[in-house]
Amino acid sequence: MALCQLQENNQVPQLFMTQQPHRCWMKYTKHRLQTRAELQTCLAQATRSVSATLIHPVNCALTLQSVQTSDPELTKNFQVPAGINAADINGTFFTNTFFRNVMANATSPFATVTTVNVVAPASAPFLAVEGLGVSMALLQFPPGTVNPPHTHPCGTELLFVIEGALEVGMVDTNNKLFTSMLHKGDIFAFPKGLVHFQINNDKYQTVTALAAFSSFNAGLVRLPSTLFNSSAPISDEVLEISFGVSGDVVKALRAQFA
């Protein structure tokens, strides 16, 4: 299980970023802890221990940096999923055919993004990539569609244009916008965690692209739906003040993403 995935499910306490809970994660990746339940028990015990001590801020910072750098490295050839006998694994386990028959949604204003990683698609997750630090997504852009501003908090993305021309952009932590017009055969790199987007401005041609990620679950935070359609709504007041708009505008945006 990826660190970012555990964090997204609120299953890792904040003090996970300190030294003692980090040892739990190391034990888990080296398979001395066999199940997720054992990992959670170890983290809970470590958290209680850490809470009674004073943690040096430099150590915390160094630990935070180390655990967020990349997926944990496997200490064997590949991860055998629970319930599967390693002796029964063959080439089929390392093959995923989900992209074969994916069709773009021509009625949506948004690109059709089909991700294949350790948790997606839900009907056929690609378990072979667990621990390998890689995953992929197929992006299909019917004319005029956009992949709205979003981030991948756990992985860098390389985008390769298979067919068509695609405008891409990203904003760094200095609030600088970088844009480029990509054509067939071009590649663009989106560093981990930066807000980015893509749009097909062509009125007639569909654009097809392939994204590769430096994580077996890079995570996804779509800004429009995150801000205006979260499971528990952000208060209108927060959004009105943050965006400098009226309550009517906030309500209209909520309705758009409901």
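Numbers here mean position along the shown chain, with the first residue as 1.
Placement of Cβ uses the backbone N, Cα and C atoms for every residue, glycine included.
For 116-251, the entry in TrEMBL reads domain 'Cupin type-1'.
Counting every protein chain shown, the Cβ of Glu157 (oxalate binding site) has 22 other Cβ atoms within 10 Å. As annotated by TrEMBL, oxalate binding site applies to Asn147, His152, Glu157.
Long-range Cβ proximity for His196 (Mn(2+) binding site), meaning a same-chain Cβ under 8 A and a gap of 6 or more residues, is found for Pro149, His150, Thr151, Glu157, Val168, Gly169, Met170, Val171, Phe190. Marked as Mn(2+) binding site by TrEMBL: His150, His152, Glu157, His196.
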Residue among the binding-site residues His150, His152 whose Cβ has the most other Cβ atoms within 10 Å: His152
Protein Cβ atoms within 10 Å of Asn147 (oxalate binding site), excluding its own: 23
Extra residues within 8 Å (Cβ to Cβ centroid of His150, His152, Glu157, His196), Mn(2+): Thr151, Met170, Phe190, Leu194, Val195, Ala218, Leu220
